[in-house]
Every structure is written in structure tokens, then in C-alpha cells.
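Reading through the C-alpha cells given below for one structure.
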Amino acid sequence: MSNPSPQLAQVGVIGMAVMGSNLARNLARHGYRVAVYNRTAARTDQMIAAHGHEGTFLPSHTLADFVASIEAPRSIIIMVQAGKGTDAVIDELMPLLEPGDVVMDGGNAHFRDTIRREAEVSQKGFHFVGCGISGGEYGALTGPSIMPGGTPESYRILGPMLEDISAHVTNDDGSVDPCCAWMGPNGAGHFVKMIHNGIEYSDMQVIGEAWMLLRGAGFTNAECADIFAQWNSGDLDSYLIEITSEVLRQKDPRTGADLVDVIKDRAGMKGTGTWTVMTALELAAPVNGIAEAVFARATSSHDDLRGLAQQALSGPDGTVKVEDRDAFVEDVRKALWCSKVIAYSQGFDEIRTGGREFGWDIRVADAAMIWRDGCIIRAKLLERIRKEYAADPGLVSFMCAPSVAPELAEYQDAWRRVVATAVTSGIGAPVFAATLAYYDLARAPRVNAALTQAQRDFFGSHTYERVDDEGHWHLDWSGDRSESHA
């Protein structure tokens with residue numbers, strides 16, 4: 001690397017919307033000279049006017065000037081809308097770069113797009129990094145969780161800078177870990193970020209189901225806020241539990257009512273949860289806890305269906321009959337912990353499966369390590385996940401870890417009571433129910449798949465395997481019912 005010049009930037013950021021602007025400010029606050037560019041020059045000027053005092057920024061109004069303002073080998077971070085916008089920026093950049101330059105896409109790209117882009121860019125002698133960034137606009141400014149994927153050489157160039165601006169976690173022994181680690185080649189970083197978002201969906205949904213059960217039992221939002229705050233001091237300690245307590249305390253500035261009660265119960269989504277489920281289906285990775293969270297959001301947005309169903313369909317009204325309020329709260333806490341463990345296990349299982357399928361060899365413990373702070377799903381549970389996979393990188397599933405399985409066994413009675421209560425009370429709790437079903441399916445010595453396979457052989461000659469012999473077999477269902485080796 002050439003000696004730094006005071007006239008040249010050490011890194012450049014393209015895209016001065018809130019995420020790009022905040023990431024550029026984070027870099028500048030850490031002492032880096034940052035070149036900034038936005039297609040609309042006014043936005044660049046506005047950012048400099050508002051935040052130029054925070055560090056050394058080198059603004060440009062043309063892409064050519066922007067590239068020329070960065071020292072070689074250049075490190076350029078693209079923070080624009082995922083999809084065609086990213087491709088357009090890359091196409092404009094390519095003629096301006098030199099061999100060895102590093103281009104990083106920090107948007108929410110689909111990992112398959114990142115695989116394609118990395119192949120195209122690397123053919124021209126440049127490095128391409130697909131990087132997941134979690135933590136929202138605040139995290140981008142103060143320290144996000146960062147999940148880069150690309151060549152080891154690209155991480156050697158860009159990694160120290162990314163580790164510097166990421167969130168950091170102090171371990172029990174006093175050592176400090178950055179919430180940033182190389183995830184693997186090409187699309188690995190965006191793949192891990194996709195799974196992060198899928199887990200986020202399930203985490204938020206099951207927290208919402210716990211809230212609905214508490215409300216059904218007669219607890220006010222203020223009381224629920226206190227309960228979540230108490231839970232946040234124990235094994236459920238997490239960012240999402242913490243903000244749930246804060247959200248439930250918030251009053252509507254217009255009416256003075258609880259804000260959550262005046263918000264339309266229609267949840268939006270940007271697609272990463274859907275990607276997680278679609279990819280899981282392609283990989284045959286069972287993530288039903290995540291899938292049910294995605295479908296729950298989809299159901300919430302079907303106004304016509306919900307309006308008709310409220311008139312046409314009957315059932316319990318959502319009132320939960322509770323004799324011992326404290327015991328019920330404790331049951332919900334235990335059920336919530338169990339469902340979170342299963343959903344996180346499913347997410348990490350998909351990371352392992354995807355890593356094998358795409359040849360990435362992702363270190364699962366590293367994913368858990370970098371999610372411990374800076375990101376939306378940061379939680380106390382992640383340190384346990386990190387330790388389990390660090391001790392046994394080949395661990396098939398976190399839920400089966402020696403320190404975890406006994407707790408699930410201890411809590412399962414409460415978990416079952418909560419699911420039964422939801423069913424008999426008419427409260428939809430798809431993630432509570434789906435994760436319990438997964439737990440039972442996984443531990444059962446035999447499941448209904450034997451009947452399914454026999455049915456498939458009956459109508460489609462799809463064959464079956466036997467418990468007492470090797471190979472695949474077919475029964476002559478329409479003839480003499482004799483069996484033949486397929």
C-alpha cells in the first residue's frame with residue numbers, strides 16, 4: 001500500500017441517505033479520511049453542512065472526482081438501494097478503478113446477487129465484498145454488527161477498518177471482540193445477514209405472541225412493560241425485549257392512549273425474512289419458526305380476509321382464564337425462552353447447511369460472536385451459542401447442546417401449557433406452536449413420514465426405504481402387491 005497522502009481519502013462512501021451518511025460519519029469519527037459522493041449533489045452538500053465538523057470528509061460531485069480522491073488500493077463502500085441501483089453504481093465505477101481496488105456493497109442485497117457481482121467484478125481485477133450491516137441507522141453511526149464476505153485479500157485490506165467501526169463486546173476475561181468477522185467467500189456475508197433478519201422476524205413475532213397472551217390474561221400494557229423489563233434482567237436479556245418494554249410504555253402524543261393500541265396491526269416487511277424461508281426450502285433446512293413469523297406478517301396485511309373472517313368465523317374471543325397470574329407469567333417466560341432457542345437454532349442450522357451447499361465453510365461461532373452487540377437480535381443467548389459452537393464446530397443443532405437440552409426439558413411443560421392456553425383461548429400463536437412442533441418432531445423416534453412415503457410410492461412410484469434392509473423399494477400397488485428393488 002502506498003503511503004497515505006493527506007490530500008487523499010482512506011475510504012470512500014457512495015450514497016448519502018441515512019445509512020450511508022451515518023456510516024461515513026462513523027468512519028470519520030474514528031479518524032479516517034472519508035470521500036463521500038451522492039448521485040444528487042445536494043444531498044452530499046447537506047451532509048457536509050450538517051456533519052462536516054465531525055471529521056475529515058472529501059466531498060465530490062462527480063464519480064470520477066470521487067474515485068480520484070481515494071488513495072490506492074481504493075476501498076469504496078456502496079450504500080444505495082439494493083438491486084438495480086447497486087448494479088448501476090458498479091457499472092459506472094468499473095471503468096474508473098484500478099486492479100486491487102476493493103468495492104463493498106453494504107446494502108441488503110440477496111446473496112445470489114452478491115455471488116454474481118463478485119464473479120463479474122473479480123474478472124476485471126477488482127475485489128468485491130458483499131457485506132451485511134445490522135443495527136439500523138443508529139448502529140451505522142455508533143457501531144453496527146458487520147458481516148463481510150469476499151476474498152481473504154479483500155478482508156486484509158478492508159477488515160481492520162470495518163472491525164474498528166463495528167460494535168465491540170467485552171468478554172468475561174476482559175478481552176474485547178469486534179462485532180465484525182470475515183464470513184467467507186462472495187455471498188457468505190449477505191447470506192449470514194439474511195439469516196440474521198429471518199431470526200429477527202421470529203424473535204419479534206414470538207415476543208408479540210407473548211404480549212397477546214399477557215393482554216388476554218388481563219395485564220395492562222404498563223404491566224406488560226414491567227414484565228418485559230423484568231425478563232430483560234435474566235436469560236431473555238436482549239435488545240428486542242428491552243425495546244418492547246419501552247414501546248409498551250409509550251403514550252400516543254395525540255390522544256394520550258397507549259401508542260401500541262392506536263397503531264394499525266398490519267406489519268410490513270422488506271423481503272429478507274421471505275428470502276430466508278425461500279432459501280431454507282431450497283436447502284431443505286427446516287425453519288418453521290421463522291416461516292410462521294413471515295406468514296404471520298403476511299396474514300396481518302390481508303385486510304379483506306381478516307375483515308370477512310371476523311364476521312364469518314367463530315371461536316374463543318382471546319380471553320385467557322388465569323387462576324395464578326404470577327405462575328402464568330412464569331410459564332410465558334419459559335415458553336418464550338424455549339421458542340427463541342428453537343428459532344435461533346433453526347437459523348444457525350440454515351447457516352451451517354448453506355455454508356456446506358455453497359462451499360463457504362462459515363464458522364458458525366463467528367456469526368454468533370458478531371451478533372452479540374450492534375445488531376437488532378443482540379441477546380445474552382448469543383454468547384451461549386458462540387461458546388457451544390466454539391467448543392464443537394460440528395454441533396448439529398444448538399438446541400441439542402449439552403447445556404441447552406436439559407433446560408428445554410425442564411421448561412417444556414410450561415411451553416406446552418402456553419401453547420394449549422393459546423389454542424383454547426383463540427389466540428393465534430404460530431411461532432410458539434411451530435417451534436414446539438419442531439421440538440417434538442425432532443425428538444420423536446418415528447414420525448408420520450413413513451406413511452407419507454408409502455402414499456408417494458402408491459400414486460407416483462417414488463419408492464421407499466426399509467428399516468430392515470438397504471436400498472430403495474417399490475410395491476406393485478395396482479397388481480399383486482409384490483415388492484421389488486428399485
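Positions of Cβ are set from backbone N, Cα and C atoms, glycine also.
The active site, proton acceptor feature in TrEMBL is assigned to Lys193. Within its own chain, Lys193 (active site, proton acceptor) has Asn108, Gly132, Ile133, Ser134, Met147, Thr272 as residues 6 or more apart in sequence whose C-beta sits under 8 angstroms from its own. DSSP assigns Lys193 (active site, proton acceptor) to a helix in the three-state reduction.
In the three-state DSSP assignment, the secondary structure recorded for Glu200 (active site, proton donor) is helix. According to TrEMBL, the active site, proton donor annotation covers Glu200.
The NADP(+) binding site annotation in TrEMBL covers Gly15, Met16, Ala17, Val18, Met19, Gly20, Asn38, Arg39, Thr40, Val80, Gln81, Ala82, Asn108. According to DSSP, Ala17 (NADP(+) binding site) sits in a coil region rather than a helix or strand.
DSSP classifies Asn108 (NADP(+) binding site) as coil under the three-state reduction. Cβ neighbour count for Asn108 (NADP(+) binding site) (all protein chains, 10 Å cutoff from its Cβ): 20. Annotation source TrEMBL lists substrate binding site at Asn108, Ser134, Gly135, Gly136, His196, Asn197, Tyr201, Lys270, Arg297, Arg456, His462.
Residues annotated as domain '6-phosphogluconate dehydrogenase C-terminal' in TrEMBL: 189-478.
Taking every protein chain shown into account, Asn38, Thr40 are the binding-site residues, and of these the Cβ with the most other Cβ atoms within 10 Å belongs to Asn38. In this structure, the binding-site residues Ala17, Met19 were compared by how many other Cβ atoms lie within 10 Å of their Cβ, and the smallest count belongs to Ala17.
Arg297 (substrate binding site) carries a helical DSSP state (H, G or I). With respect to their backbone Cα atoms, His462 (substrate binding site) and Ala17 (NADP(+) binding site) stand 53 Å from each other.
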